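Worksheet for the structure shown next.
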Amino acid sequence: MAEWSLAAILLGLMAALISGRWPVPWVFAAAVLVSWLVGLAEWQPLLNAFVQESILALVLLVSASAGPAKSWHLRRFGEWLVGHSPRASLLKLGLSSGLLSAMANNTAVVASLQQTLSSHHPQQASRLLLPLSYFAILGGTLTLVGTSTHLMVNALVVQAEQTPIGFFEMTPMALLLWLGSAAVLVLLAPLVTPTRSTAIARFDDRPQQSGDDSLPRRTSVWVNLGFVAALALAAGQYLSLPMAMVVLLLGYIGFGVLSPRQWLTSIPWGLWVILACAFGLAQLTLSSGLADVIATQLQSQLHPLGWIGVLAGLYLLTWLMTELMTNTAAAAFSLPVALASAQQLGMDPRPFIMVVMFGASASFLSPFGYQTHLMVMASGHYRLQDYLRFGAPLALVYGGLVLTALPWFFPITQ
């Protein structure tokens, strides 16, 4: 009975997210509260989710990104992106934002570059902001820390006592996906993106910037080097990612890069609530038996197609969830189903984990599945049809590459 009660709560969560009538953090918090009220969950595990290592790492990473966002180099970098040829600008935008999003959080990258493009090049910004969001999403898949999706999946993997995901474990496959998808973006963007004058618009759920004044050039060098060094220490496993970010933030505050007030405003409180609540609901999906029910149904329908059919079904399920809800919610919902499917089939869970991880980042058709889409929607005055025109070919290419490349990079073994 518990699984059906949770299913009703998750359907209500999905309906509330699709309606868009309430702030997303409130919706997730309400779903967790209802789960507790009906006796599905206890408070202690739900509260522990707020200090789960991967979730805390993402919150601190976004907060620490406020330092490089103020750097002189990033402002000048945004000006350099706009060239004479639209495709040349897109190529520079794709390479740079993809690399930045791999090492910093992609939301912070979009928040910083969006302001520069909108203020200095308002006539061209509408041609670049939507591609920027897509490039940042794709770039974020290159490393463990590039997107909240990866960190959420890793948190659930660790909780399930599976081998944690490596910092660069997904990079070879993600690089192939990035190259194929980037080619579509560069070829397609000049044809389908609108030309509209833009003005800087604020989206309340994005991390707030600590100010519009750039840091001095010499200070910016040390700020950026400190950020890269902190990530390198985490990647080399000399420090945990949360500890590396804490040390970096203490340095930023101690040397006056960020004031305590600016640090507090840089914390993505809403995202923190979403991640912790989604993590708690994912745990309930496993403990209630709902994941096993869905996995059994998925296998019964796709059994004639074998493991490739189950993987394709998992990808489609995750992709649909991320378009209708959010990327983190999709990952939290689908990962328990993936683990249950792998267990029932007696196969290595790694390919099943990876198909969910890449599927949850496939937010291409809707502005509501990923917060960077909502950020540029306001600034670029985009409409839903802009996302559909641009995202449909991208979704087909990306999905085809995921399902084709997955067995090569993550072999299916029993």
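Cβ atoms here come from the backbone N, Cα and C positions, even for glycine.
What TrEMBL records for this protein:
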DOMAIN    15-357  domain 'Citrate transporter-like'
TRANSMEM  45-66  transmembrane segment
TRANSMEM  128-153  transmembrane segment
TRANSMEM  173-192  transmembrane segment
TRANSMEM  222-255  transmembrane segment
TRANSMEM  267-290  transmembrane segment
TRANSMEM  302-322  transmembrane segment
TRANSMEM  352-370  transmembrane segment
TRANSMEM  390-410  transmembrane segment
Other parts of the chain folded back onto the transmembrane segment (352-370), taken as Cβ under 8 Å at six or more residues beyond its ends: 17-18, 20, 133-134, 137-138, 140-141, 147, 149-150, 152-153, 157, 162, 165, 170, 173-174, 177, 310-311, 314-319, 321-328, 330-331, 334-335, 338-339, 341-342, 377, 382, 384, 387-388, 390-392, 394-395, 398-399, 402-403, 406, 409-410
Result, the transmembrane segment (222-255) in contact with the transmembrane segment (173-192) (3+ CB pairs under 8 Å): no
Recorded stretch, among 45-66, 128-153, 222-255, 302-322, 390-410, maximising Cβ pairs under 8 Å relative to the transmembrane segment (267-290): 45-66
Contact check, the transmembrane segment (222-255) vs the transmembrane segment (45-66), 3+ Cβ pairs under 8 Å, seq sep 6+: yes
For the domain 'Citrate transporter-like' (15-357), the mean pLDDT of the predicted model: 81
